[in-house]
Amino acid sequence: MTTARRRSYGVKGAPYAFLLPATLLFALFFALPIGYAVWLSFRKVRVSGLGLGSGARKEVWAGLGNYTDAFTDSELLDGALRVLGYGCIVVPVMLGLALLFALMLDSDKVRLAPFTRLAIFLPYAIPGVVAALLWGFLYLPDVSPFYFVLERLGMPQPDLLDGGPLYLALSNIAVWGGTGFNMIVIYTSLQAIPAEVYEAAKLDGATPTQIALRIKIPMVAPSLVLTFFFSIIATLQVFNEPTTLKPLTNSVSTTWSPLMKVYRDAFGTGDIYQAAAEAVIIAFATLVLSFGFLRAANRRNKQDASHEGAR
Amino acid sequence: MSSLAVQKASPATGTTGAARSRPPLRGRIALVPTITLLLGALYCLLPVAWVVIASTKSGSELFSTFTFLPGSGFTDNVHDLNAYRDGIYWQWMANSALYAVLGALLSTAVSAFSGYALAIYRFRGRETLFNVLLAGVLMPPIILAIPQYLLMAKADLTDSYWSVLLPQILSPYGVYLARIYAAAAVPSDVVEAGRMDGASEWRIFTRVALPMMVPGMVTVFLFQFVAIWNNFLLPYIMLSDDEKFPITLGLFTLLEQGANTPALYTLVITGAFLAVIPLVALFLVIQRFWSLDLLSGAVKS
């Protein structure tokens, strides 16, 4: 009885014991900071008198003041629009290339596949800051091979780090860094498709292109959804690459992306309350987009399942 | 995101007796994928090739010779980098190794414990806890990093190694991967057999389940190693003493100073080159161990 009871208790308590480290770390480094950020976003400092002496600077309730300031801030809005433009380039190009390369790797009789797969995956191992540094120099007129070629051809030389080209320059860094990882995710799913599916299609006279478009792509749709989802999150959170390019060009301001503005407000301006409100808004927007996307993807999965079930 | 256990079929054997026109068609089909992938590889290797060549150029050669024309100053560049601030560059490299290795080890351990518990046990609050953990993946780093900084400041821990290590120990994505892998790799009847023999839950985990989970945990470790090595924002916010900088922040600082002192550009480039070598070497060595299937959420049963 005692032994049985002790064993039963041991099993019941075990999951909580195993999950204690993660729970504690989550509470300290995720839940507490988020709660603190929300708290700060409703506070502000009131300065009384001449700001001298103790009690002159007092933290007080600010209501929604920080939020209204954020929503009416043209710098934050401009940053959001820039990231939207940047994302519209990065996500389709990166995933398009990843899918293309994955399909090529999955082709019959492709040569040098191990080498090319590894080479395309390699950028994943290089830090975003180093990647931006490398490409940043390649964009400079005196270093860039692109300028060298254009000059030899007598063609005009655009400033790759200004105006429209800046978006392409920044997007290229993200595409270069992320295509390989997404390629592997999609390729892994392709490898998991049973070979009988292809054999049946070939017997029916389908060409490799038709097999790719009608069989392979639909069957890896779940992986595409996953990669699309993570790509959007990464795009919303862009910070490293524009920050790294800033020393090389005057066209990247300290508030180029929303996250750069949050950083600037918190540590440049010293207004942690405004920064907290902006951070909360960005986090909330990310969560809404993510759950909306997951719900839409899930709904489509259910429709496909019921349709297949009916047939 | 639901996990899928999929059965991989054996590779199909090619059919013999092809029509006479098929061989050239097959040959042409193979060319397109091969060339496409080679172009992709070329694109991906371009900046790496550039940094290798650029690190051989002296300051005067860097901006006056063609991009891919080698220079004559590699040994001088390395010497200058070694001399800069008494070799602080190597301190940055050591710091990155410390943060990445130690952080990834701790993170892998936490992921293994958590993933195992979530996969093996049925208990109240399991799915809720899992979903709350997963929500951490969605948090923009900066909404965490700024209040983390402020809270660390209250605890007098900013500008310390702990301020960079502690926030990176928990990886929600690592927990997610570990759960998927544990569910696929650890049969419940094996766990039950261990209990029948009177083994404690801890002993079952360490002696039975963990060996089965090792391949997946290697993947989690490598994933977290790359993530921590690449991290820039957290040390950028937490650290002010450049003796504690990781290589990402160190190179960025050099680059910023280079805007005013162009001679530092050769240090940045040489530093970037030397920083990339160990990562690439590590990558080449371990990629065979990297269970990439796990990263896509699919585990072969």
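Glycine is no exception: its Cβ is also placed from the backbone N, Cα and C atoms.
Heads up, TrEMBL stuff is auto-annotated, nobody curated it.
Quick look at what TrEMBL annotates:
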- A:80-293: domain 'ABC transmembrane type-1' (DOMAIN)
- A:16-39: transmembrane segment (TRANSMEM)
- A:83-106: transmembrane segment (TRANSMEM)
- A:118-140: transmembrane segment (TRANSMEM)
- A:166-187: transmembrane segment (TRANSMEM)
- A:219-239: transmembrane segment (TRANSMEM)
- A:272-294: transmembrane segment (TRANSMEM)
Residues of the parent chain within Cβ reach of the transmembrane segment (A:118-140), under 8 Å, 6 or more residues beyond its termini: 101, 146, 160-161, 169, 172-173, 176-181, 183-184, 240-241, 244-245, 248
Stretch contact, the transmembrane segment (A:83-106) with the transmembrane segment (A:166-187), Cβ-Cβ under 8 Å, 3+ pairs: yes
Residues of the parent chain within Cβ reach of the transmembrane segment (A:219-239), under 8 Å, 6 or more residues beyond its termini: 83, 86-87, 90-91, 94-95, 98-99, 102, 170, 174, 178, 182, 185-186, 188-190, 193, 197, 257, 259-260, 263, 282, 285-286, 289-290, 293-294, 297, 301
